[in-house]
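See below for the structure under consideration.
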Amino acid sequence: MPSIDAVGAREILDSRGNPTVEVEVALDDGTIARAAVPSGASTGAFEAVELRDGGERYGGKGVTKAVDGVLDVIGPELVGYEATEQRLVDQRLLDLDGTPDKSRLGANAILGVSLAVARAAAESTGLPLFRYVGGPSAHLLPVPMMNILNGGAHADSNVDVQEFMIAPIGAATFAEALAMGTETYHALKSVLKKDGLATGLGDEGGFAPNLSSNRAALDLIVRAVDQAGYSVGTDVAFALDVAATEFHSEAGYAFEGKTLSAGDLTEYYTDLVANYPIVSIEDPLSEEDWDGWIALTAALGDRVQIVGDDLFVTNPTRLADGVERGAANALLVKVNQIGTLTETLDAVGLAHRSGYRCMMSHRSGETEDTTIADLAVATDCGQIKTGAPARSERVAKYNQLLRIEEELDDAARYAGSAAFPRLRAR
Ligand SMILES: O=C(O)[C@@H](CO)OP(=O)(O)O
Ligand SMILES: [Mg+2]
């Protein structure tokens, strides 16, 4: 088995023009593979720590410390490790860091190495990444949860909800789903233009108009689906990422000009779910509001997927706590929230064993790295959110899924509406 010969790293830019870490791993059989690390804006307080330099360079956002950690501390320690021993490599990374939140070396440094090792191992064994990680069971193409209208921390608009996503559940294949979503995205642009609304884009490529309410966003999307020639609910369903931590304070939830309680918001969502074909709501409440989450899950969890992002931060320990307490019924999976591939796989495994569904996810700051597309198939998630079908850092993931579907050929199956079992029960 090939072993690790050298580990390199450099500072590159992400899609917001902020520095991020890129790692290259060389094996003794000549294989060289590379991975780049994403970065969030609406980050959860319990995420693993992203190491930034401080100081004046890049407004304090440089990652030279993280890069130096890879070159000076991590690299020399990994030389000689078998590249396919991912779990041992990741454990060594955790031991070298030695902190519970990866704050010494930085989750950005650690993740870059972890993913680059996986990519090198896959390449050296001659397998595509999704097959190397997922084995023979990897065959399910995820529903693309396409964020076509941006608000919250991802836009300079007055819309509270961070992401309005469309889920092309009625498609027969991933390629068809991507086309349906993309046609709807283009139709939304023309609907916005018709109404004299702005067509500027948010961080994830969705449109970011000022609107009178969050419902107004859903109504625009209904018109867009219609104009694209698809049926609302059967062909194209909706999903939200409310990112409620962002507008929560001790006073409550600052939503549509009012201060609401968790109970008020739960009523609001109940009403939305009754009036729009919403299959999934992410972070409907704040990351600290466990009681609110438990009550909301009890009230709505039989009708709609409730996804924990800031609540769980892809952390198996926080997820286990949530499962025990009955908070949410799905896990958002972000590799850089936890910082290694094996911990990510452990979180997904725990979610699936606990009857929770999983949605693989990008970050609002992304790169051309497409690892999450392969991981979505490898882990049998059935859902991926990676932004609008515009902006190359988002499209790169969708394009990789097209390639995977083609490669799987007759073995490929598109998750479709089966990704959301409760939808059928409504
Ligand atoms: O909240 C989210 O789910 C993400 C990705 O869409 O945003 P960020 O990367 O800014 O945390
Ligand atoms: Mg989120």
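The backbone N, Cα and C atoms fix where each Cβ goes, glycine too.
Where the annotation comes from TrEMBL, it is an automatic prediction and has not been curated.
TrEMBL names Glu282, Asp309 as Mg(2+) ligands; from the candidate set Asp241, Asp264, Asp346, the record adds Asp241 to that same site. Annotated (2R)-2-phosphoglycerate binding in TrEMBL involves Gln162, Lys334, Arg363, Ser364 plus, out of the candidates Lys189, Lys385, the residue Lys385. Averaged over the domain 'Enolase C-terminal TIM barrel' (138-422), the predicted model has a pLDDT of 97.
Considering only the recorded positions Glu204, Arg363, Lys385, the residue whose Cα is spatially closest to the Cα of Asp241 (Mg(2+) binding site) is Lys385. Among the binding-site residues listed (Asp241, Lys334, Arg363, Ser364), Asp241, Arg363, Ser364 have a CB atom closer than 6 Å to some atom of ligand 1, in sequence order. Cβ neighbour counts within 10 Å, taken over all protein chains shown, single out Gln162 as the most crowded of the binding-site residues Gln162, Ser364.
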